[in-house]
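Before any comments, here is the structure.
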Amino acid sequence: MQARDPHANVFFVGLMGAGKTTVGRAVARRLDRTFFDSDHEIEARTGARIPVIFEMEGEAGFRDRETQVITDLTQRENIVLATGGGAVLRPENRDCLKNNGIVVYLRANPHDLWLRTRKDKNRPLLQTEDPKGRLEALYEVRDPLYRECADFVIETGRPSVNGLVNMVLMQLELAGVIAKPLQA
């Protein structure tokens, strides 16, 4: 992997519940960068929660808003961005992420994701009779897309949030994005 701009943006991709927001926020704090979550940004811009947007506009309307937010945010510098789990479904989003920063895929198996998200009613795609099966289906479709745009993959299985943050920082150091991992 070639050395990159030391001020490069860092973008997190992965399925819902993988830890993109939690880990992303901690990485941003350690790098002294501004953190954004694309879903939170959509909610701030519309004044509506994600389930309401899905209900009113459908998934296609939500994805249009998501593409606009990703396009806008990836033009900034020195940011850390946690994307929504489905952001990679659109080729233009994958290209935008790949071309404007370092992409980190936080990978978790569907069973672990189900354990983390099973009580969360703010995830419209999981409001089904078989949310675990839904996560497995989403994983099958999205895993190759996450891998396509990722500069590296971090397995989220057992490590603590701090452990995951340190793994991300180590990869950023190896990629030439930071001089050395910063201490907590």
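Cβ coordinates are placed from backbone N, Cα and C, and glycine is handled just like the others.
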For the substrate site, Swiss-Prot lists Asp39, Arg63, Arg142; sort out which one of Gly19, Gly24, Gly85, Gly163 goes with them. Gly85
By the 10 Å Cβ-neighbour count, the most surrounded of the binding-site residues Lys20, Arg63, Arg142 is Lys20
The record names Asp39, Arg63, Gly85, Arg142 as the residues that bind substrate; what is their largest Cα to Cα distance in Å? 18
Have a look at the binding-site residues Asp39, Gly85, Arg142 and say which one has the shortest Cα distance to Lys20 (ATP binding site). Gly85
Given the recorded substrate site (Asp39, Arg63, Gly85, Arg142), which additional residues of the same chain have their Cβ within 8 Å of the Cβ centre, ordered by sequence? Met16, Glu66, Thr83, Gly84, Gly86, Ala87, Val88, Leu89
As a whole number of Å, the Cα atom of Thr22 (ATP binding site) is distant from the Cα atom of Arg142 (substrate binding site) by 21
